[in-house]
Amino acid sequence: MTRSALQMGRLTLVLCLLLQLVLVTQACFLGNCLNDGERDVDGREAMRPCKYCSFGQCVGPQICCGDRGCEMGSEEANKCREEDEDSTPCQVFGWPCTLNNPGNTNGKCVANCIGICCVTDTCVVSSECQKESKSGIRVGCQRS
């Protein structure tokens, strides 16, 4: 074999390996696939609403929040552990808020009347969640 034929063979081998690498990385991994094994073309996971608890929605495995506040570790809040059994992630309703929580700073405002911002493992009172309408009444709260 000539020297140029060897170089062409190596170049072809390198190109084939690069193509194979690209095809393998396009595979369906656990974190970016829907239940039927198809890759989500937008790169987003399918979402469903989080389960409801006695007076609001499940925010984490042991956190139930609604307009009257949040319960953590109570019997009712422990029903939220069922969320962990479902492989499809759920979406907590509420506008975004920021927590000073290492590794998980993107929370949701879940108790508008009180102004509580939660992530899956903790909640804090946040002025960011006490949004008011133009009339000065907190959004989602009833006048008493």
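Note that Cβ sites are derived from N, Cα and C of the backbone, with glycine treated the same way.
Swiss-Prot names the disulfide partner of CYS129 among CYS109, CYS113, CYS141 as CYS109. A disulfide bond in Swiss-Prot ties CYS50 to one cysteine from CYS16, CYS90, CYS97, CYS113, and that cysteine is CYS90.
Disulfide connectivity taken from Swiss-Prot links CYS117 to one of CYS97, CYS113, CYS123, namely CYS97. Only one of CYS33, CYS53 is recorded by Swiss-Prot as the disulfide partner of CYS64: CYS53. In the three-state DSSP scheme, CYS129 (disulfide bond) falls into the helix class. The two recorded residues CYS117 (disulfide bond) and CYS58 (disulfide bond) have their Cα atoms spaced 13 Å from each other. Cβ contacts within 10 Å of CYS118 (disulfide bond), excluding its own Cβ and spanning all protein chains shown: 27.
For the recorded site, CYS80 (disulfide bond), the DSSP three-state label reads helix.
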